[in-house]
Amino acid sequence: MLNDLFYAVLGMLPWTCALIAALLVLRHFARAALSARFFRLAWLILAVRLALPVSFAVPVQDRPAPLSIPLPTAAVRQAALPAAPAESGGAQQAAASGPGKAVPVPSAPAPAGPLRSRPGLAGAVWLVGAALCLAARLAAYGTSMRRLRRGRVPLADETLADACRAAFGRSMRVYAVAGLDTPMLAGLLRTAVYLPEGAGLRADTLPYVLAHEARHRSAGDIPFQFVLAAACALHWFDPLVWCMARAARQDMELACDEAVLAGRDVAYRRAYGAAVLDVLASARRRRISALTTGFASGAGETRRRFAEMLSLRKKQRGTPLLCLLLALVVLASTLVACAAPARSDTAAPVYKGGTPQPTAGEAPEERLERLREELQTLQAEIGRLEALAAQDSSLEEIQRQYLQAQQEWAEWSAAVPEGAPSGGAAQFAWPLPGYTTLSSDFGTARRVYGAKDVHTGMDIPAPAGTPVYAAADGAASLNNHWVMGISVKLDHGGSLATLYGHLSACAVKDGDLVEKGQLIGYVGSTGNSTGNHLHFEVDLNGDPVSAWPYLNAE
């Protein structure tokens, strides 16, 4: 959980920095043409995304789980077959399992690196920094609110109360606070206006102050302050996020000034500016309390505010730019989710013990063929288990079952009458002659649109239009699905089938009887595909299995 959050924050770093830098540059050069409301909304979009570092997971079609093969457990004599892979010295002793007990087999090696298995040093440092930053903000906010509540006095003057109702349009808590430097709006759940005693309560100044604070309330600037605090805490190591928060607070004040002065004449603007100067003259400090809004501001901000107050130039709302920014945020979030590395927690297939029972009328050679297919599949799986011996304590149990399967095969091999056909595994031809490089093999763990997925076949890249040939004799069935696109499935009998996906076109019809090596289609990139390639898949009893044992048997 911690690592997921940490990597989500790191994944947002490049594109959020680029967007923040672009907005800061635009703010510097185009502030005279674009309204402060545009910049406030732009910062709000980025702040919300930064405060919610979650991945956009696009659901994909569920794939069937890899094959679960029942292993024989009857003790029989040793056969002269290839020995099982040697037990790795790093493997731990596994408990013996009886018939019917499941033995987990990982489908792919886990990614290297300590951060994927437990919180690393970088993640711990980030978490401590985020916690301290957020705690400092909340502590400052709590201290400010306690001071305001201790020193506040309800506003009893009816004239001032009427002015409050005129500004806010409804009943609003307004207090006078001794020693307060500037009028402000504070309180996330119980919002109230706090006015400084003395100059802050003058009848000619109060209407402008209340109009300004009413705009803060209607714009939701108090919750916005908390969103900025969360964004700064999660991205405390990024100086651009702190620059964004500072610019956002400045644009909040400018946007409120802009809304109050919209459509006003020069006389009203001068009176509004005089109210700002009056509050500044009575303030000993110009620092706004944490997570609140204030009527006064710093010297640099005040100069900018006065320039905007006296300007009658009509500014652009920038709605198309806001839509573009929102689209870029969504697009960048989605692309980062798609590019996320595959995780190692993919569900593993299991092998269940127990001796498979022969079906009625099953000939010895058919039984022998089934056992040989099971052995070939086990050989492919044990090759991968050997590399995972240091991590997988079940290797010894798999080896024990492998030897039992060899003995079972030897017993049935001896029972076949002399001269009877040996059956054997299906011998498949390579479906794409001349192209043997794979871009993805069976069982590869990966992420598709942010969701976990296990590859059920092998992907063979080739140019569009390259002929695809049948791996063995079978009956053809055609399909056109959004995942596999145009595809051909050949039923070879004995619950064995092959699938040829992402074709550009088919060369056979539904129900055709196809011979081994016959042209069945052409390479393409239809369906859920990122380029021209053939998805070749072998299915046994309706479940995908590795094609290598069948191809290697040729």
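Every residue gets a Cβ built from N, Cα and C, even glycine.
Note that the coordinates shown come from a computational prediction; the quantities given were computed from them, not determined experimentally.
Listed in TrEMBL for this protein:
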type: COILED; residues: 361-408; note: coiled coil
type: COMPBIAS; residues: 90-105; note: compositional bias 'Low complexity'
type: DOMAIN; residues: 16-307; note: domain 'Peptidase M56'
type: DOMAIN; residues: 454-545; note: domain 'M23ase beta-sheet core'
type: REGION; residues: 90-111; note: region 'Disordered'
type: TRANSMEM; residues: 6-26; note: transmembrane segment
type: TRANSMEM; residues: 38-58; note: transmembrane segment
type: TRANSMEM; residues: 121-140; note: transmembrane segment
type: TRANSMEM; residues: 321-342; note: transmembrane segment
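Long-range Cβ contacts of the transmembrane segment (38-58) within its own chain (Cβ-Cβ under 8 Å, at least 6 residues beyond either end) map to 5, 8-9, 11-12, 16, 19-20, 23, 27, 31, 219, 224, 227-228, 230-231, 234-235, 241, 244-245, 247-248, 251-252, 254-255, 316-318, 321-322, 325-326, 329-330, 333-334, 336-338, 340, 449-451. For the domain 'M23ase beta-sheet core' (454-545), the model's pLDDT averages out at 92. For the domain 'M23ase beta-sheet core' (454-545), DSSP puts the residue distribution at 0 helix, 55 strand, 37 coil.
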